[in-house]
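Undergrad: Questions regarding the structure given below will be posed in turn.
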Ligand code: PHE
C-alpha cells in the first residue's frame, strides 16, 4: 500500500476543508434555492439546520476520519470490523462521483464566463448566451477543461496539491468577495435585495416551514460538504490531535460567512437591475447577474472578478469531490494516485457529458437527487458514530478538545445517535414524497386526528429503530 498523504499544517487542513465547503453551493445553488423557497424564510431554516445538524454532523465525519485514518469505505469497514458497512461507504463514494458529474458542468459554465467576461461576449443577450452555453457540446467542452484543472491539483497530492492550492484560493476568494459586496451594496435598488435576503419574514416561514425543510436541510448538507465522506476523508489526513470541535466550528463559521457575503453580492445585483429573485433557477447567476454586468460601468472587469471568484470556489470544492474516489482507489484498490486520477477523469468525461447534453437529467441530479443522497449518506455516518463507535467516538471527540468542548461529547453522541437521524429521515421521507407529488392526509384514529406530519415523524422513528436493530454493534455505548 502507498503511504498516505497528510496535511502540512493545521491551517492547511482548515483552509482545504473551508475550500470544500465554500463553492457553487454558496454562490450558485443557494440563491437559486432561496429564491424558490421564500428568500429570508429559507435563510432562517437553513441557518438553524447548519447549527443544529450541520456542525454535529460535520463533527461525526471528522471523528470517523481521524479515528480511522482511512477514506469512507475503509474507515467504516475497519472501525466496525465488519463488511456490513461496506455498502454505506460505497454509497458515499458513489454520491461523490454523481456530484462531480454535474458540478463539472456548472464549473465549466463558470470557466467560460470567467474567460469571456473580458470581451463582454454575453453582454448583448445574456439569456440567449446562457441557453447556448448551458448544455450541449460547448458545455461539455468547458466541463472537460474544468475537470482537467481539478485533476491537475488532485494529481499532485494532499499537501503539494490540495493544501497548497487552498492556501492561495481561499484568501483570494475572501478578499474579492468583500470588495464585490461593498460595491454591490452601493448600487441603487440594492436595498430591496438585502431585505428579500435578510428581512425576517415570519408569515412565510410559518406558512411554508415544512415545504422549506427538505430543501433547506439538503442545502445545508450540500454547502458543508456533508454526507458523501469529503470531510471524513480530509480529516483522515490529520496527523496531530487537535481540537475537532474547534475545527468544525471554524469551518462552519467561515463557510456561513462566505455564504452570507455571497448573498450580499448576488441579491443586491438581482434586485438592483430589476429582475428580482424571481429570476431564480439554475441560471440565476449566469443570466441575471451576467445581465447586470452588461449595464454597469466597468462591467467587463466586474465580470472577470466575479466569475473568477466563483471559479476558484468551484475548483476548491470539485477538488474535494474528486479526492474521495481517488482515495478509495488508492487505498482499497491499490492503484497509484496517478492512475486513479487518470481513470476517474475518463469516467467523468462520460458522466459529466450526460449532464451536459441532457438538461433534464442535470436538473434532477443537481437538485432533488443530491439532496436525498447526501441526507441518506449523513444518516449512515451518524448511525455509525452513535451505534457502532459509541464510546470510542466520545474518546476521539475529546482528544485534543479541552475541558469545555469535552463536556459536550456525550450530549453530542446522543444527538448524533438518536435525534439527528430521526430529523434527517423525516426530511428524507418528506422530500421523497414531495418529489413524487404525494401528500399525506390526516387520519382519524379512534377519534383522534393524526396529522400528516405526525405520521411522517412516526415513519422516521420506525426507520431509525429498524436501522438501529440491524446496525447496532453489541456492546456499543448507545
Ligand atoms: N460544499 C460544496 C459547495 O458548496 C459542494 C460539495 C458537496 C463539495 C459535497 C464536496 C462534497 O459548493
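Each position is counted from 1, following the chain as shown.
Note that Cβ sites are derived from N, Cα and C of the backbone, with glycine treated the same way.
Annotations in TrEMBL come from automatic prediction, not curation.
Among the features that TrEMBL reports, transmembrane segment is placed at 7-28, 40-64, 85-106, 139-158, 170-200, 212-238, 250-273, 285-315, 341-366, 372-390, 411-436, 448-471.
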Undergrad: Checking distant contacts: for the transmembrane segment (170-200), what same-chain residues at least six beyond its ends satisfy Cβ-Cβ under 8 A?
TA: 15, 18-19, 22, 34, 39-40, 43-44, 258, 261-274, 276-277, 302, 305-306, 308-309, 312-313, 316
Undergrad: Sort out the residues at least 6 away from either end of the transmembrane segment (40-64), same chain, that have Cβ-Cβ distances under 8 Å to it, and list them.
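TA: For the transmembrane segment (40-64), the nonlocal Cβ contacts are 33-34, 75-76, 79, 195-201, 204-205, 208-209, 212-213, 215-217, 219-221, 223-224, 226-227, 229-232, 235, 244-245, 247-249, 251-252, 256, 263, 378, 381-382, 384-385, 389, 393, 396-397, 412, 415-416, 420, 423-424.
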Undergrad: Run the contact check on the transmembrane segment (448-471) against the transmembrane segment (372-390): 3 or more C-beta pairs under 8 Å, excluding pairs closer than 6 in sequence.
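TA: Between the transmembrane segment (448-471) and the transmembrane segment (372-390), contact is present.
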Undergrad: For the transmembrane segment (212-238) and the transmembrane segment (285-315), decide whether they are in contact, meaning at least 3 CB pairs lie under 8 A, counting pairs 6 or more apart in sequence.
TA: no
Undergrad: Would the transmembrane segment (250-273) count as touching the transmembrane segment (139-158), i.e. at least 3 C-beta pairs under 8 angstroms with sequence separation of 6+?
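TA: They do not touch: fewer than three Cβ pairs between the two stretches lie under 8 Å.
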Undergrad: Between the transmembrane segment (7-28) and the transmembrane segment (285-315), are there three or more C-beta pairs closer than 8 Å, counting only pairs 6 or more apart along the chain?
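TA: As far as Cβ distances go (cut-off 8 Å, pairs 6 or more apart), the transmembrane segment (7-28) and the transmembrane segment (285-315) touch.
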Undergrad: Hey, would you say the transmembrane segment (372-390) packs against the transmembrane segment (411-436), going by three or more CB pairs under 8 A that are 6+ residues apart?
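TA: These two segments touch.
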Undergrad: Do any residues, 6 or more residues outside the transmembrane segment (250-273), come within under 8 Å Cβ-to-Cβ of it, and if so which ones?
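TA: For the transmembrane segment (250-273), the sequence-distant neighbours (Cβ-Cβ under 8 Å, at least 6 residues beyond its ends) are 14, 17-18, 21-22, 25-27, 30-31, 34, 43, 47, 50-51, 54-55, 58, 173-174, 177-178, 180-181, 184-185, 187-194, 196-197, 223-224, 231, 279, 284-285, 288-289, 291-292, 295, 306, 313.
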Undergrad: Pairs of Cβ atoms less than 8 Å apart decide it: which stretch in 85-106, 285-315, 411-436 has the most with the transmembrane segment (341-366)?
TA: 85-106
